[in-house]
Structures are given as C-alpha cells and as structure tokens.
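A.B. asks: Would you mind keeping the following structure in view while I ask a few things?
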Amino acid sequence: MSDKPDMGEIQKFNKSKLKKTETQEKNPLPSKETIEQEKQAGES
C-alpha cells in the first residue's frame, strides 16, 4: 500500500457526472440589527 493517490483514477473521473448544487447556509449569522434587539431585550 502506498501513500500516493492513484492519479490514473483521478484523470479518468468524469466531471459531467457531478450535479451542480446550490450551497445554502444552514445556520446563518444574525444581522447587526438582530443582535442589537436581543441586547436591548436582555437589558430591560
């Protein structure tokens, strides 16, 4: 067993088989407005 990858396998790979996917943020960061509202809600 060698540590080097099999380059022949990589060159044979058919990129057209891959599907284009839209990446979507699963847990987007809150906006500055949201953070400010939460800070104010916590203070009162």
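Note: Cβ is positioned from N, Cα and C throughout, glycine not excepted.
Pulled from Swiss-Prot, these are the listed features:
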type	residues	note
REGION	1-44	region 'Disordered'
MOD_RES	Ser2	N-acetylserine
MOD_RES	Ser2	phosphoserine
MOD_RES	Lys4	N6-acetyllysine
MOD_RES	Lys12	N6-acetyllysine
CROSSLNK	Lys12	SUMO2 cross-link
MOD_RES	Thr23	phosphothreonine
MOD_RES	Lys26	N6-acetyllysine
MOD_RES	Ser31	phosphoserine
MOD_RES	Lys32	N6-acetyllysine
COMPBIAS	33-44	compositional bias 'Basic and acidic residues'
MOD_RES	Thr34	phosphothreonine
MOD_RES	Lys39	N6-acetyllysine
A.B. asks: Between the Cα atoms of Lys4 (N6-acetyllysine) and Thr34 (phosphothreonine), what distance do you get, rounded to the nearest Å?
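C.D. replies: Rounded to a whole number, the Cα-Cα distance is 49 Å.
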A.B. asks: Going by Cα-Cα distance, which of the modified residues (Ser31, Lys32, Thr34, Lys39) sits nearest to Thr23 (phosphothreonine)?
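C.D. replies: Among Ser31, Lys32, Thr34, Lys39, Ser31.
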A.B. asks: Can you give me the Cα-Cα distance between Thr34 (phosphothreonine) and Lys12 (N6-acetyllysine) in Å, rounded to a whole number?
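C.D. replies: About 49 Å separates the two Cα atoms.
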A.B. asks: Fewest other C-beta atoms within 10 angstroms of its own C-beta: which of the modified residues Thr23, Ser31, Thr34 fits that?
C.D. replies: Thr23
A.B. asks: Take the compositional bias 'Basic and acidic residues' (33-44) and count its residues per DSSP category (helix H/G/I, strand E/B, coil), listing them in that order.
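C.D. replies: The counts are 11 helix, 0 strand, 1 coil.
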